[in-house]
Amino acid sequence: MKKVMELVDVWKIYDLGEVKVEALRGVSFEVFEGEYVIIIGPSGSGKSTLLHILGCLDRPTKGKVLIEGEEVSRMGDRRLAQVRNRKIGFVFQSYNLLPRLTALENVELPMIYAGVPAKERKRRAKELLELVGLGDRLHHRPNQLSGGQQQRVAIARALANDPVFILADEPTGNLDTKTGEEILELFRKLHEMGKTLVVVTHNLEMVDEGTCIVRIRDGRIEGIERRGVVYGDT
């Protein structure tokens with residue numbers, strides 16, 4: 001299997017003057033193409049910090065982060081922004097859609113930054129919205145959509161540049177049970193399509209869906225389970 005991401009002995013230390021906080025302590029793991037990775041752990045375990053490192057939104061204090069074999073942890077800001085735009089698709093708990101743009105325009109946005117021609121990006125945005133079941137909501141703005149529909153737009157946007165992997169932060173966290181199940185089904189569909197998914201969640205149903213479960217506690221990897229094989233402490 002092709003390795004799409006790797007963390008090697010990653011530490012994140014926050015210097016708060018007299019106190020140093022070790023948010024991540026020697027984290028190492030790999031993500032392979034087509035995996036459905038679920039990251040779980042209690043509050044304060046380092047999940048949010050790990051999410052930021054995985055998404056190239058923050059840099060490790062020490063250690064390496066590699067995407068498709070290329071070390072990204074020491075890249076300059078401009079190059080790192082290109083990596084985020086082209087190789088990572090983000091899905092946030094709060095959707096993060098631009099309120100003045102339509103669903104179609106929100107999905108087009110990452111492609112504009114990537115330099116995709118207007119005709120092609122409109123075609124692809126429409127195709128992606130149809131994929132997530134919103135072919136009849138192309139020209140609706142976020143305030144005209146339900147929470148579940150907004151999250152579907154966010155998922156379509158995440159797929160816009162055909163990223164190496166999708167990184168999702170509590171994608172069902174703001175949704176009711178029924179709508180959350182619909183989003184869960186959509187992630188299931190993406191996994192079946194061969195997409196690589198990395199999800200931070202408390203949703204136990206999502207944990208059941210994952211092909212790789214990463215458990216984090218006190219800034220360390222407590223264990224990694226892959227299809228019945230367990231690595232690390234149990």
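Each residue, glycine too, has its Cβ placed from N, Cα and C.
Some features that Swiss-Prot has for this protein:
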- 5-234: domain 'ABC transporter' (DOMAIN)
- Gly41, Pro42, Ser43, Gly44, Ser45, Gly46, Lys47, Ser48: ATP binding site (BINDING)
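Structural mapping of features recorded in Swiss-Prot.
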residue: Gly41; record: ATP binding site; CB count, 10 Å: 20
residue: Pro42; record: ATP binding site; CB count, 10 Å: 12
residue: Ser43; record: ATP binding site; CB count, 10 Å: 7
residue: Gly44; record: ATP binding site; CB count, 10 Å: 11
residue: Ser45; record: ATP binding site; CB count, 10 Å: 20
residue: Gly46; record: ATP binding site; CB count, 10 Å: 23
residue: Lys47; record: ATP binding site; CB count, 10 Å: 23
residue: Ser48; record: ATP binding site; CB count, 10 Å: 14
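Those residues of the chain, other than Gly41, Pro42, Ser43, Gly44, Ser45, Gly46, Lys47, Ser48, with a C-beta within 8 angstroms of the mean position of the ATP site C-beta atoms are Ile216, Arg217. For the domain 'ABC transporter' (5-234), the model gives a mean pLDDT of 92.
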